[in-house]
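Q: Annotations per Swiss-Prot:
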BINDING   ARG24, GLU81, LYS120, LYS456  (6S)-5-formyl-5,6,7,8-tetrahydrofolate binding site
BINDING   ASN226, THR245, ILE247, THR250  K(+) binding site
BINDING   226-231, 245-251, 270-273, 335-338, 359-361  GTP binding site
BINDING   SER230, THR251  Mg(2+) binding site
DOMAIN    216-379  domain 'TrmE-type G'
Amino acid sequence: MNVPRETIAAIATAQGRGGVGIVRVSGPLAGKTAQAITGRMPKPRFAHYGPFADESGQVLDEGIALYFPGPNSFTGEDVLELQGHGGPIVLDMLLQRCLQLGSRLARPGEFSERAFLNDKLDLAQAEAIADLIEASSAQAARNALRSLQGVFSQRVDNLTEKLISLRIYVEAAIDFPEEEIDFLADGHVLGMLDDVRAELSTVLREAGQGALLRDGMTVVIAGRPNAGKSSLLNALAGREAAIVTEIAGTTRDVLREHIHIDGMPLHVVDTAGLRDTQDQVEMIGVQRALKAIGEADRILLVVDATAPEAADPFALWPEFLEQRPDPAKVTLIRNKADLSGDSIALQTSADGHVTISLSARSGGEGLELLREHLKACMGYEQTSESSFSARRRHLEALRHASDSLEHGRAQLTLAGAGELLAEDLRQAQQALGEITGAFSSDDLLGRIFSSFCIGK
């Protein structure tokens, strides 16, 4: 793939002062720049220590020059790295010297973009570079590294290859009707289709776990008024983020707190108490609470363990059952264990539902059980060598592919329509291609790489 022949340069290390700072150059002028600044042509892939000089020969700094001729470099072009002292003034003088020699200032993410355009890495791998830099936990960093090494891309490529094989079979049968292949009676197409759907479902589930580790899990605290929801928010946040009183309906709007548990990002949402009310303001709060419940990754249903209705908490608010997307996303919190006499404990029922008895206000007893549970929900220390990082756009593409395959299967089994199945298979393949960049618009590429750091 052709890329612009301009030479680009940027400071590749973080802003501020440090022991070492790096100026990176990529493009056809990288070798000329190296020779002009160091006074000699560096031997490829060897570290050369010496002075860095300006146009008059005055020394700007001393450091190490590394030269990588293309295509054996990160970007696939000639690349020069000048590693000097990490002061911002020194680095800026060195960068200005590179620009003076014909380079232009790189856009954010342009080095990674050129690596993608030169087939040095695919789009998912390029995004993994940014994810690795921005990782907020060791687990997220490990997942990002696996994506950078191609684990996620390989899973997508395997799915794509199976789709291509299926498309070849289906479209050949359509193009050569004299063969009289009956898709349903044959059974081969349906078997292949179900195999791809099952594998795609597994990848989607694993990608969802990777996205939680990267972006953070949205945890909604829901329940009746005065169940202790705001107290639980404050306990998790470690500060008085929400007003707590004995008056029912104190919380009338959605409150959001961003917290970390052992480096794992969580977006905790406190909501208005769920009850019938004639108060217009509180009614709006209840509606917003139900909306937040529908969008949550995990729901903490808080009940007052001292209340009689605590024995059947899911019957407290029928609309809650209608609103929650998946019962498996709900964790029951029996609060006020210090008053009810409940033992501080985490229990898992036969059907997998988790109940935690704790006290949000009495020294936060049981809070550590909740923290460990939330970490487990995010996949903390539960990953394997096949785990990888993923982004929301990856999940959207995987869901689009899954929906297309589901629709195609319906077309095949209900109408025997091979032509319509072929179109659904094409759309599924295109959706998967958007993940790795096999099918990507210029606008999409621009949005992705512009979110990177300058110098990456």
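Here the Cβ of each residue, glycine as well, is placed from N, Cα and C on the backbone.
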Q: List the same-chain residues at least 6 positions away in sequence whose Cβ sits under 8 Å from the Cβ of LYS336 (GTP binding site), in sequence order, or say none.
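A: Expected: GLY228, ASP304, ALA305, THR306, SER359, ALA360, ARG361.
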Q: Using a 10 Å radius around its CB, how many other CB atoms surround SER359 (GTP binding site)?
A: 24
Q: Taking the Cβ of LYS229 (GTP binding site) as centre, how many other Cβ atoms lie within 10 Å?
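A: LYS229 (GTP binding site) is surrounded by 31 other Cβ atoms within 10 Å.
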Q: If you draw a 10 Å sphere around the Cβ of GLU81 ((6S)-5-formyl-5,6,7,8-tetrahydrofolate binding site), how many other Cβ atoms fall inside it, taking every protein chain shown into account?
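A: Result for GLU81 ((6S)-5-formyl-5,6,7,8-tetrahydrofolate binding site): 21 neighbouring Cβ atoms inside 10 Å.
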Q: Validating a neighbour-count step here. Other CB atoms within 10 A of the CB of SER230 (Mg(2+) binding site): how many?
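A: The answer is 24.
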Q: Measure from the Cβ of LYS120 ((6S)-5-formyl-5,6,7,8-tetrahydrofolate binding site) and count the other Cβ atoms within 10 Å, all protein chains considered.
A: 19
Q: What's the number of neighbouring CB atoms sitting within 10 A of the CB on ALA272 (GTP binding site)?
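A: ALA272 (GTP binding site) is surrounded by 27 other Cβ atoms within 10 Å.
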Q: Including all protein chains displayed, how many Cβ atoms other than that of ASN226 (K(+) binding site) lie within 10 Å of its Cβ?
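A: Its Cβ shell of radius 10 Å holds 20 other Cβ atoms.
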Q: Report, in whole Å, the straight Cα-to-Cα distance of ASN226 (K(+) binding site) from GLU81 ((6S)-5-formyl-5,6,7,8-tetrahydrofolate binding site).
A: 61
